[in-house]
Amino acid sequence: MSSITAATENRSHVSSYPKFIGRSLWLATEGSFAFYAWMTMLTAVFLVGANAWANQVAGGMIGTNMTDQVSWGLYIANFTFMVGLAAGGVMMVIPAYLYHDRKMHDVVIIGELLAIAAIVMCLMFVVADLGRPDRFWHLFPIIGKFNFPISMLTWDVIVLNGYLLLNLHICGYLLYMRFLGREPNPAWYIPFVMVSIVWAISIHTVTAFLYCGLGGRPFWNTALLAPRFLASAFVSGPAFIIVAMVLIKKLAGVGGLDQPIATLTKIIRVTILVNLLMVASELFTEFYTGGSHVSAAKYLFFGLHGKTALVPWTWTAIGLNVTAALLFLWPGLLQFRRRPLLIAACCMAFVGAWIEKGMGLIIPGFVPSTLHEIVEYIPSQLEWKVTVGIWAFGLMIFTIAIKTALPTLKQPADR
Amino acid sequence: MTTTESGSSDPDQRNRSLPVIENFSRRAAVKGAFATLGAGAFVAAVSPLRQASKNSSAAEFLQTHYTELSPEQKEGVLARLEAEAKEEYDADVTIADDRPIPGTKFVYAINLSVCNGNGKCVEACHKENNHDRDTNQSYIRVLEMPKGTLDMEQGTTSYSGVVPKGDKFYLPVQCQQCDEPPCVDVCPVKATWKEEDGIVVVDYNWCIGCRYCEAACPYHARRFNWKKPEVPADEVNPDQSYLSNRIRPTGVVEKCTYCLHRTRRGRLPACLEACPTGARVFGNILDPSSNIRWILENKRVYILKEELGTKPAFFYYFD
Ligand code: SF4
């Protein structure tokens, strides 16, 4: 650890920055046997995904189970969820910077690093979903043809990449200052942090606008979609961070995490209820009104004309979400000896949100189709491989990022 | 277990002012070896991509947007596409670049009292537009609807048996060539747009295959090429146009173009010509003496999903 702060201050950034990168990489790839085993496992899974994706590109997307009726599937479902996870990290940033929670402030970088890993995964899921990834450059402003501001997808490209850059800058700057052994200059990162708070809200709002702006898809065409997205993001993000923190504390011996964990638990206590309330209000409107608008919801919850592929998914999600909500409401969950239960509650909330925002939101938008055909969708093996591969890659980034930041976490800098 | 810091596994190292070079270089070598191994495995994993890249040329990769092609570039592109059709489908085709005729706005109408659901239009579209034979693709879907409702939820596209059935009527749906097309708005790369004669087209060589337009369309008018279209050489319709029925590349979206390779040359759409009942009427709404104009002025016509504000250029009526 001494080595990371050992650099002299007088050297110019041109020579010290590459050194910082090299040093960080070196540090990030140092570790115990278990660490190497973990990374090897992730690499192997990622390679399986990469191979599946290459086959998809070579053979056409016929290898997926998507159809002209259900034209988006598991990839876009995961993309939507990952945007939420990226935005969820802001639930650490807000207490740390707006409410000056010192303990949260010391470890807030975990949330920012999670945002980086999650956005990278988002971009990978979008690329995996493209029929012509070789034409990716058509999406770049200037050299391509960017349909801005009419297409919501171009907005999404901007906000997601912007959020990635913001977080890369904030984390990179703080870690670099740490490496130089200097005090970070607030002027160089506080304004960016403030922007990133607003930006986090924007990424999920714009992602919701992708769907809710489509008049031909009644299931998505609701003003409640963006608020719902945010509420569930503020469940899944903190839930992931709590589990990550418990692991970091256990595996790397980082202290000072208990209070942030408690704060995040209290945040979930509120957001999980807000989310359930919005789901309930959505369902009331659908089912009480009836008519053709309800058919997608009917399909999702009970099946339509004997087609019931999504019913088990959705009831699993409801079961998980409600159980998690009850657990979070119980004050005893915060007790230290109930940590395993807290982790279980977080996992339930996380998986619940994943289903609710993925299979439970993207797929019923397409069933029944706009001509009221009922074509069902269950992801193919290839889609699962690619998806799990991208998750493995995301976890790799997150692990390496956390390892790089460990010295900062162990000796909380005075920032 | 605990995760160890750099060098802390070696207690000596921390006490020295200089890092232990031999240890450092040994670890660096091990890491380098692992990185090389990983990179090699990655290259092997994505090797199917090499197969894919064989099928696409540098010229195709670098081709600019249709609207930005100079006349010479366009000529080159058309020649290249014709050569590709020869190579991949063994078919001699001519690919033209049909432009809208000034003063034309194409409109379609279907007389639902006459349509009997025989599906000849579906079949004609399939052949005319060089659709994939395997999936029996077509731009037209016909709904069998119970009499007494216009609610599509009551209809079915998978009817069979002798038509027409007494208690049913038939509703063919294809691209409505909307005046406010949601599919065009959502496209992130402007690969799809509305031309002056009202036809919504796709540049198959610019589309990135995100399928956002497919999600946005309220009429299920768009199709995606999930695989390479298969058409036997002797069944390929050689009379093609860049923006319409040329054989589409894999991984892009396509749609009905009112057969612009015919209609912009003064012919009628293939679906209309194939219709045995005479239910279909097509024409230029700007021409006061046209049949279609008379129908729109004198029949009680309606449009699909009017409440969505898409303003279709496709009308339905009963006699
Ligand atoms: S699939 Fe093609 S045409 Fe449709 S929105 Fe995407 S890029 Fe545009």
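Positions of Cβ are set from backbone N, Cα and C atoms, glycine also.
All TrEMBL annotations are machine predictions without curation.
Bear in mind that the values here come from a model prediction, so they are computed numbers and not experimental data.
Noted in TrEMBL for the protein shown:
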type	residues	note
TRANSMEM	A:33-54	transmembrane segment
TRANSMEM	A:74-100	transmembrane segment
TRANSMEM	A:107-128	transmembrane segment
TRANSMEM	A:148-176	transmembrane segment
TRANSMEM	A:188-209	transmembrane segment
TRANSMEM	A:229-248	transmembrane segment
TRANSMEM	A:268-290	transmembrane segment
TRANSMEM	A:310-329	transmembrane segment
TRANSMEM	A:341-366	transmembrane segment
TRANSMEM	A:386-406	transmembrane segment
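Of the candidate ranges A:74-100, A:188-209, A:268-290, A:310-329, A:341-366, A:74-100 has the most C-beta pairs within less than 8 angstroms of the transmembrane segment (A:386-406). It is A:74-100 that, among the stretches A:74-100, A:268-290, A:310-329, A:341-366, forms the most Cβ pairs under 8 Å with the transmembrane segment (A:229-248). Of the candidate ranges A:188-209, A:268-290, A:310-329, A:188-209 has the most C-beta pairs within less than 8 angstroms of the transmembrane segment (A:74-100).
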